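Q: Before anything else, here's the structure in question.
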C-alpha cells in the first residue's frame, strides 16, 4: 500500500527550494563578483619605510583607465588613495617623458613617474611631504647627498623629522643602499631657517592691456580641448633636478585645471630645453626683460611667439624673489610677441612658484587671502580662490566661464 508522507514531501520541497535559492544566490554572487572585478580599481600597497623607484614604477605602470587604489603605509600611518593618470598633461624633460598621476582632492596626494625617477607627494597634518626616488644608484646617492648637505650644518636633533634616507630593506650589510629620500618641507624650512619669500613686485605690467581681451575673442564652449605649450628653458649654467622641475609643472597645470572646470577644455604640454641666456645680474626685472629680448632675437623661436616661456633656475633672485613674469600677457587667440613669459625657481622647498607666475601671465592678480595661490607672500598653497582671477584666466584661455562651472 502506497501511503503519502506529507511531512517527507514537505522536506523534499523545502530542500528543492533551498537548493534553488542557493543556486540563485551563487549566480547573483558570481554576477556581483564579475561586476566588482570590472568596475572596482585594483588595490595595492606601498611601504613607505622602504619605498624605491621600482616600487613606485611597478604600481603606477599598472594604473588602468578605471584608476587604482593604492594604500600608503608607514609605521601606523595608512592612507588609501584612488590614483588616476593625468592624460591631459604632457611633460618632456630633454629626452625623458614624464607621466603624472593624481589622487582625489580629498586624498591630497600626487605622483610623478619618469624613466629615471619617481616622486610621491602628499599632505599629512597640514604638512607637505615628498618621497623622491631615482632608478640608478649613483644618481640616487647624488640626490640624497644634495638634500642632506644643508642639514649637516645644523646638527638639529629633530633632523629626521625633516629629512630621512630610505634604505633597501633587502640589504642587510652595514652599507645599505639608499633607495629614496623623505623630505617634510614644512619642518625642513624651519630647521634650515630658510627665508620667508614674497611675491611683491614679482610681475611687470605690459605697456597696454596685452592683446585686449574682448568678447569677440571668447567663445562659450571651445570646439575642442586647447593645448597650451609651456616652454621651460634651463638658464645657462644652472643645475635643474628633474624631480623638482616636474613638480613645479604638475602644480602649474593642476592650478589651471581647477579653474571653472578648465580640465575639460585645456591640455598642457611642458617641454624642457637649455638656453644660452643667463641673467646678467641678480635683478629679476632686468633678467626677465633680457630673457624676453633673447627670445625675440632667437631665429629658432621664430613663429613660436604664441607659446608661454619660462626661464628656470634652481636658485632665487635678489631680495629673495622666487620668480617674475609679464602680467596678463597671454591670450589663447593671439600671439604675444614673446611677452607671455616668466621666470621661476624650481626649488623643492618652494612648491607652486611656476603656478603663481603662470597665474600672473594669465591675468591673475595678488589677493589678500593667505590660502590663495596668488597671495602676495609665499605660503605654499596651490589653488586659485579668487573668482575675479578665475574669470580672467578662463577668458584668456579662450572662453567665458559657464554658469555653474
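The backbone N, Cα and C atoms fix where each Cβ goes, glycine too.
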Q: Let me know which member of 269, 366 Swiss-Prot also records as binding Zn(2+) at the site of 356, 360.
A: 366
Q: Which residues, sitting 6 or more apart from residue 366 (Zn(2+) binding site) on the same chain, put a CB under 8 Å from its CB?
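A: In sequence order, 199, 200, 374, 375, 376 meet the Cβ cut-off.
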Q: Please determine which of the binding-site residues listed here (356, 360) has the lowest count of neighbouring CB atoms within 10 Å.
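A: Checked 356, 360; of these binding-site residues, fewest Cβ neighbours within 10 Å: 360.
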Q: Which residues, same chain and not among 356, 360, 366, have a CB within 8 angstroms of the centroid of the CB atoms at the recorded Zn(2+) site?
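A: What remains near the Cβ centre is 199, 202, 203, 325, 357, 359, 364, 365, 373, 374, 376.
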